[in-house]
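Asker: Quick one: structure below, then a few questions.
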Amino acid sequence: MKQYLDLMKKVLEEGTPKADRTGTGTRSIFGHQMRFNLQDGFPLVTTKKCHLRSIIHELLWFLNGDTNVAYLHENKVSIWDEWADENGDLGPVYGKQWRSWGAADGRQIDQLKNVLTQLRQDPDSRRIIVSAWNVGELDKMALAPCHAFFQFYVADGKLSCQLYQRSCDIFLGLPFNIASYALLVHMVAQQCDLDVGDFVWTGGDTHLYNNHLEQTQLQLSREPRALPKLVIKRRPDTLFDYRFEDFEIEGYDPHPTIKAPVAI
């Protein structure tokens, strides 16, 4: 994951000081891309320990179309708590948009089911896309989508995916985002009888919060270790039937956790 450390270093050295919604302040660059060949290992940051339970359960929660934190709480995941209301609701965030996008004519569009159909029936299509950026519902969301738009691509029997992330918290958020979408590519590839290709991450406003700079320097002082391997132990009937127990990460040997505050 040297690419990730290189991005941190670039933002520290070249980033523009900017104000932000949270009032914390950032160093920011605009426009950056990283490519991860998923055949080379699972792209999970090794220079600090990442909370795998949160990454996996959050993705399963998205795939279920859920937008209430109750499921996350049942599985000891608290990463969305700061934005939930008193009932645990977040409004029409990722799960709602992925599984039940509200069309102008009243239809509810399951974008992920459409993606699976396209990959099986027309894998050369340039329209195999999921968007979470529903302009008509942004004001109802507890947090506007950061990872907003992703596209699948098939070549030589391999499935690749590119994500556009309009806003990226490099220290806390990005390791989760990379691992989450890499996991999704593996799951979709299994369901569509494809091998995995590349995960391409593209960032818009890509930033380090000012209260993460000390932690960033600590992380940059550490040497990356070998990437782990993802093992999917079962092939369920559909993309929406995976369970936490279906996944195993082999050979993950990270440096210790580095704690940092969340900018809300």
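Yeah, the Cβs are placed from backbone N, Cα and C, and that goes for glycine too.
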Asker: Can you tell which of ASN134, ASN177 Swiss-Prot lists as binding dUMP with ARG21, ARG126, ARG127, ARG166, SER167, CYS168, ASP169, HIS207, LEU208, TYR209?
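Answerer: Swiss-Prot lists ARG21, ARG126, ARG127, ARG166, SER167, CYS168, ASP169, HIS207, LEU208, TYR209 binding dUMP, and from ASN134, ASN177 it also lists ASN177.
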Asker: Provide, as an integer number of angstrom, the distance between the C-alpha atoms of ALA263 ((6R)-5,10-methylene-5,6,7,8-tetrahydrofolate binding site) and TYR209 (dUMP binding site).
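Answerer: With the alpha carbons as reference points, the distance is 8 Å.
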Asker: Tell me the Cα distance separating CYS146 (active site, nucleophile) from ASP169 (dUMP binding site), rounded to the nearest angstrom.
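Answerer: The Cα atom of ASP169 (dUMP binding site) is 9 Å away from the Cα atom of CYS146 (active site, nucleophile).
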Asker: Return only the integer: C-alpha distance in Å from TYR209 (dUMP binding site) to HIS51 ((6R)-5,10-methylene-5,6,7,8-tetrahydrofolate binding site).
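Answerer: Answer for this pair: 20 Å between alpha carbons.
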Asker: In whole Å, could you give the widest CA to CA gap in the (6R)-5,10-methylene-5,6,7,8-tetrahydrofolate site formed by HIS51, ASP169, ALA263?
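Answerer: 18 Å is the greatest Cα spacing among the residues binding (6R)-5,10-methylene-5,6,7,8-tetrahydrofolate.
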Asker: Based on Cα coordinates, which of the following binding-site residues are within 10 Å of CYS146 (active site, nucleophile): ARG21, ARG127, HIS207?
Answerer: none
